[in-house]
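**Student:** This structure is in structure tokens; I'll ask about it shortly.
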Amino acid sequence: MKLRKLLCTSAIAGIVATGALAESHGWSLKDAAAPYAGTTVDVVFLLRPGYEAIEAMLPAFEEETGIKVNVIKHPYENALGEQVRDFVAGGDLDIALIDLVWIGNFAENEWIVPVDQIKADYPEIIDPDLDMDDFFPLVLNAFGGWNDTIYGLPFDNYSGLMFYNRCMLEEAGFDGPPETWEELKDTYGPALTKDGKYAFALQSKRNETQSADSFARVLWPFGGSFLNDEFRSNLNSEESQAGLKFRQDLMQYMPDGIVAYDHAETVNGFAQGDVAMITEWSAFYSTVVSPDTSAVADCVEIAPEPKGPAGRKPALGGFSLAVAEQADDDEKAAAWLFIQWATSKANAGEYLERGGVPARQSAYADESLAETYKFVPALVESWQDGVPEFRPRFAEWPEITEIVQEWGTKMMLGEVSTEEGAQEIGTRMEEVLEAAGYYDGEKPLAQ
Amino acid sequence: MTQPRSLLWQIVLLILVIALCVFPFYWMVTTSLKTQVVALEAPPVWIFEPTLDNYREALFEDGVLRTLINSLVIAVSTTLLALVLGVPAAFALARFEFRGKKDLWFWFITNRMVSPIVLALPFFLIARNLGLLDKHITLVLIYLTFNLPIVIWIVTDQFRGIPYDLDEAARLEGASQWTIMRKICLPLAMPGIAVSAIFSFIFSWNELLFGLILTRSEAKTAPAMAVSFMEGYNLPYGKIMATSTLIVIPVLIFALIASKQLVRGLTMGAVK
Amino acid sequence: MQNKVSRGTLLGFLGPAVLGLALVGIAPLLYALWTSLHFFNLTKLKKIEFIGLENYWTVLTDGVFWQAMGRTFFLLGTALPLQIALGLGIALLLHQPGLTLLKTLARLSLVLPMATTYAVVGLLGQVMFNQKFGVMNQLLGGADINWIGDPQNAFAMIIFWDVWQWTPFVALVLLAGLTMVPGEVEEAARLETKSWWVILRHVQLPFLLPGLTAVLILRTADTLKLFDMVFTLTRGGPGAATEFISLMIQRVGFRAFDQGLASAQAVILLIITIILARIYIRVFYKEV
């Protein structure tokens, strides 16, 4: 309790300090927010560290602005459905929480307001220190942008990283993590899989985890992709098949029932010392290094994801926050003020300290950060050179991911071969794209 | 008559039946008293230091209390509404002669059998058009699709059991059907009405799918809340079990109260 | 015997209920019928268009839909016989004379599973059947069975919980039937034969039939409706191993957002339900 209070005070001090700093430009959060005091904004949050971090900081914002932020918490798996239902119904949400694969959908439905629109409509609430160029450009474009328009500011940001258990690797005679996926499978796999322990675990549960964390993760490094240039399925290409077959092979070094593993099971397996290596989102760093939740906290090391024949193609994922079109004028302004504050340069440091992962380049400028947060170098590297279309970012993703989830899991279970599965996904995916009008020239073959 | 050996067998089997029925509840309650670290211990521990933290967190920090209140308000309202609409209809079905009675009867039964997902899809779109999403009234109304048949079923059955000469006599004295129902049959049908009310309450309280699709925050029901703890990121087992316990206790109490009539209710009067 | 009453009186008694149920039970179905004839995607509301029977064609020719349907009936076909066998055993046990206190306790315990919130049963399943820290594997002598991650085991687990929750129902229904057997008939039969099977088959069975029919009807309907418990336990996984028909429709309608296709699936499910209900009810509610 005491600690919390202390942190709160320091947060307020931080805001006041920022306010004072901005004062020289004649702008302060308090003054900008004054006309909107008493407004309530509704936003969907997930049950993840980045959200807990900002929630802990929230009282300071509410006190400063008089704006009330009403947080509605949902598991990731329900977050898209909840928001889509709210937006089609003209509901109460004033802020959209956007996974990078949802943005096309949200933008094309005009559920979210472009940042430039906000700037034009509410010039007086734009923080002079907003500095959009400070966001990692890749992250800003991938998480918040659609067709060259920026809608959302990156908020809960992930990159795929390799977490490995140094102690287990050393015991098996390795003095570092594998450089390539092949090495992971052929050398580390047999050496580390024994006595009920496993070399690797790849979260593959039939939901977004299957398509984003499992399927896509073996596609890109092997040179494969979902679609070719004509927007037809590329899943039966030699490269895509190589990746998918690699996943089948690798399963012998993973725990049984890996198709039921979501993030929780995978991270827990690693944290209990049952699994030597996982490729997981940066957001899980705090979980695996905290002695409260991890039995191997002292052994945890971080490396970039392994390379494949086509290079290092780490997973990219994350969420931006955007103002919802359905909000009324005051709510839009209040929503923007919150988003701007939550993703600001000034708050990035505290956000990081509390377990969030900001996408501000300036937040990582301090070299010594890498000592406290071992994930920083690998994260920064991946954000400088990642695959923004890691999962195809188009409006049809919600339908296509369902197809990938279904047949991707069937492949892993051996119910269909990788070729049959790829064929099924391809046919069904092309039907969706056809109906969307990509093939008759109605829609440009973007992304 | 019974040999001691077979008596022993009977005792063993009966205890086994009781244990199988009760054990999951025992496990639910004990898990709800465990911290996350204890809950994740493998193999599971049976003796540990219990904590009420999960209940405190669930009720007061995560808003389970409000969803329990929502569930209560919705279940009570829909039950009352089902009784107001259903009891006269049941009286008509038990006492009056009219064309199409059989079809009406069949239609009522079918409603009990329709999968809720069949109704959830269009109901969502309609509620959206009418601006009724996330409102208590929406669930109160849609729950009628299963409550009304239950009430009509059980109460019709009950009215049939009341001797006909009673209302015959009243009718000769010039009482209207309405009066006959209220003054003569209703008091006698009270046991059936009470049972149907309990059932209607239990079914409404237990419902998940409609609650999941038609509410968001204002009218969110307790089962929908319990489900929303299941994030792939981290599963707070203790808290999920604490919420489950809070949800289950009221229905179990009601079920035990109505235990004698439970079978009759669940088979809609088919088994007496 | 029964009254003929005026139209007004009839309307006064039946009208509100019929109107109420029509409003919430029929109007949505008509709307679903309309939706099912359109391309209707929640995330593409600008593109709603009439496409005739195309959605129905997709459903009828989609192997995945029929697999889900087959899986649903397979569950019914495996769980129901178990429930009847175990339920009958328990009913016969409770029907024995003596041990009143223990039997009352047993009867009260039997009430608990069937009143339990279905969603909670699934949550309980997650906790108790976890491979590592679940109590089930511990009780099986430290077994290492992967219940949730293996298709067959997951299906078996669903059967387990369905049987746990509904065997008591079958048992109590059958027990009610057994108590209908006139005491002197049963006594007389017992003097003639020692075989419980003969007594069951020739003396008790006729009294059990109405209850068994009710069980058959209600369990069929409830299996077609089955959603909550599976949703909270496996969400249809792993793969599609436990994706029953109601789960599948929910997924298409609210995760892929294709309301048109989901409505067509729902309408087909409704038709199947009505046909089954008609057959059953014709057999069962003859007296009406």
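Glycine is no exception: its Cβ is also placed from the backbone N, Cα and C atoms.
I grabbed these lines from TrEMBL:
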TRANSMEM  B:7-27  transmembrane segment
TRANSMEM  B:68-92  transmembrane segment
DOMAIN    B:68-258  domain 'ABC transmembrane type-1'
TRANSMEM  B:104-125  transmembrane segment
TRANSMEM  B:137-156  transmembrane segment
TRANSMEM  B:184-205  transmembrane segment
TRANSMEM  B:240-258  transmembrane segment
**Student:** Apart from its near flanks, which chain residues at least 6 from the ends of the transmembrane segment (B:68-92) lie with a Cβ under 8 angstroms of it?
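**Tutor:** For the transmembrane segment (B:68-92), the list is 98, 136, 139-141, 143-144, 147-148, 150-153, 155-156, 158-159, 177, 181, 185-186, 189, 193, 196-197, 200-201, 204-205, 215, 219-223, 246-247.
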**Student:** Most CB pairs under 8 Å with the transmembrane segment (B:137-156): which of B:104-125, B:184-205, B:240-258?
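**Tutor:** Ranking B:104-125, B:184-205, B:240-258 by Cβ pairs under 8 Å to the transmembrane segment (B:137-156) puts B:184-205 first.
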**Student:** Which residues of the chain, 6 or more past the ends of the transmembrane segment (B:240-258), have a CB below 8 A from one of its CBs?
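**Tutor:** Sequence-distant neighbours of the transmembrane segment (B:240-258): 25, 28-29, 31-32, 54-55, 57-59, 64, 68, 71, 194-195, 198-199, 201-202, 205-206, 222-223, 225-226, 229-230, 265.
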**Student:** Go through the chain and flag residues at least 6 beyond the ends of the transmembrane segment (B:104-125) whose CB is under 8 A from any CB in it; none is fine as an answer.
**Tutor:** 93, 133, 138, 142, 145-146, 148-150, 152-153, 207, 209-210, 213-214, 268
